[in-house]
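Positions annotated as topological domain 'Extracellular' by Swiss-Prot: 27-441. Swiss-Prot lists Asn139, Asn334, Asn363, Asn416 with the feature N-linked glycosylation site. If you look up Swiss-Prot, you'll see 165-188 marked as repeat 'LRR 2'. Sequence annotations record features per position, and here Swiss-Prot assigns repeat 'LRR 3' to 190-212. The repeat 'LRR 4' annotation in Swiss-Prot covers 213-236. Among the features that Swiss-Prot reports, repeat 'LRR 9' is placed at 332-355, with the record citing sequence analysis.
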Amino acid sequence: MTMKRALPSPSSLLFFFLLITPLFLCQENRVSASMPPSESETLFKIMESMSSDQQWRQSHPNPCAPGSSWPGIECKTGPDHLSHVSRLDFGSAPNPSCKSSASFPSSIFTLPFLQSVFFFNCFTHFPTTIMFPIKLIPNSSLQQLSLRSNPSLSGQIPPRISSLKSLQILTLSQNRLTGDIPPAIFSLKSLVHLDLSYNKLTGKIPLQLGNLNNLVGLDLSYNSLTGTIPPTISQLGMLQKLDLSSNSLFGRIPEGVEKLRSLSFMALSNNKLKGAFPKGISNLQSLQYFIMDNNPMFVALPVELGFLPKLQELQLENSGYSGVIPESYTKLTNLSSLSLANNRLTGEIPSGFESLPHVFHLNLSRNLLIGVVPFDSSFLRRLGKNLDLSGNRGLCLNPEDEFSVVKTGVDVCGKNVSSGGGLSVHSSKKKSQASRYYRSCFFANALFPFALFLGLHQRWVL
């Protein structure tokens, strides 16, 4: 008698399928977690030149494998279904620290899928320079290159940096870079943020600056740049932040600056700029912070600055301004801080300042102002030590406020009670502590949408 072979039931087939599927998935994960040998060898060499962990190669033979990833390294699966390094971060916790003998690894520019590099406080003991390998990979995918606070990173910015055509964020701040800014940088049409601040760069700002049509943030502050502000700056229509402070720039602010309609922050302090402001400066309707202390301007204060409705901070100290304080400044309803100290301003203080709801800092000291201080006791108490009118011999205080004010830098009208120092208001409550950290407010409020716009890493810094 022939026995018929029993067919597996549908339920047993389903069980078998569910049993073997995870095995295939695990095999798929193992494949996707592997890295091309040449790329893994490059990564090992980078880690050996940078990391203080000398056992890194043995401890992480496959750094992209699930469960084996290391802080500071991110991997992505490429179109070849293999894993590739997409991000390298060194120097700031929880990322790996750098060893004292670390030197700049030029081989990072040979990683074909690398999108972001961040080296913070890595090169601190031995001099090193930004180097490029002889042979570069075509069509580099690098979008962010940030080298910050590296006191031993010196030398010139290499023109070959212009080969990184996908670069959107270039931050080389707080290093010891020297020489001219290479014009080749301004061929990087994808750049949205360029920060070369706090170096020792010299020479002029290249005219090619105007090629960066997508630029949103530009910071060249704290260098030794000379020459004039290039007129091509007017072509940066998307610019939101401009910081050229603490250089040796001279001449006038170019007329074309009025075309920067998206500008929120402009700092030009500590230069040699002089002459009249552009008449069209009132077109900067998005401007919130204008910092321009310590320039030999020697002109009257521009009335047009009073027509900037979003202006929150205006600093024009120590610049030789003369004439009266424009009445238009009392119409700046969003103004929180105004400093016109150490100029040659004359006339009376406009009375409208006390009606500005957000003002908490007002410095008109060391001028030639005259007349009765036009502020009532409530305004004096509100500003407290954030109000400085000292050094104006022609000013006097209303006698009605004599008993609410102590240690004043302004005489009471008709009396001689000057005791020197700034204006200080008596109050039974504890005096509020002054805070002048205005720029942080700008980055938190004005540049947060900009950070979202970039769509890259949240680590980059304006």
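Glycine is treated like the rest: Cβ placed from N, Cα and C.
Structure with Swiss-Prot features highlighted.
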residue	record	contacts (Cβ under 8 Å, 6+ apart)
Asn139	N-linked glycosylation site	Lys165, Ser166
Asn334	N-linked glycosylation site	Gln288, Pro309, Lys310, Leu311, Gln312, His358
Asn363	N-linked glycosylation site	Glu317, Leu338, Ser339, Leu340, Ala341, Leu387, Asp388
Non-local residues, at least 6 beyond the ends, that sit with Cβ under 8 Å of the repeat 'LRR 9' (332-355): 288, 293, 301, 306, 308-326, 361-376, 379, 388-389, 395, 436, 438
Counts of helix, strand and coil residues, the repeat 'LRR 3' (190-212), according to DSSP: 5 helix, 7 strand, 11 coil
Local backbone state of Asn334 (N-linked glycosylation site), from DSSP in three classes: coil
Secondary-structure category, per DSSP, in which Asn139 (N-linked glycosylation site) falls: coil
Tally of DSSP helical, extended and coil residues in the repeat 'LRR 4' (213-236): 5 helix, 4 strand, 15 coil
Averaged pLDDT score, the repeat 'LRR 9' (332-355): 97
Tally of residues which DSSP labels helix, strand or coil - the repeat 'LRR 2' (165-188): 5 helix, 8 strand, 11 coil
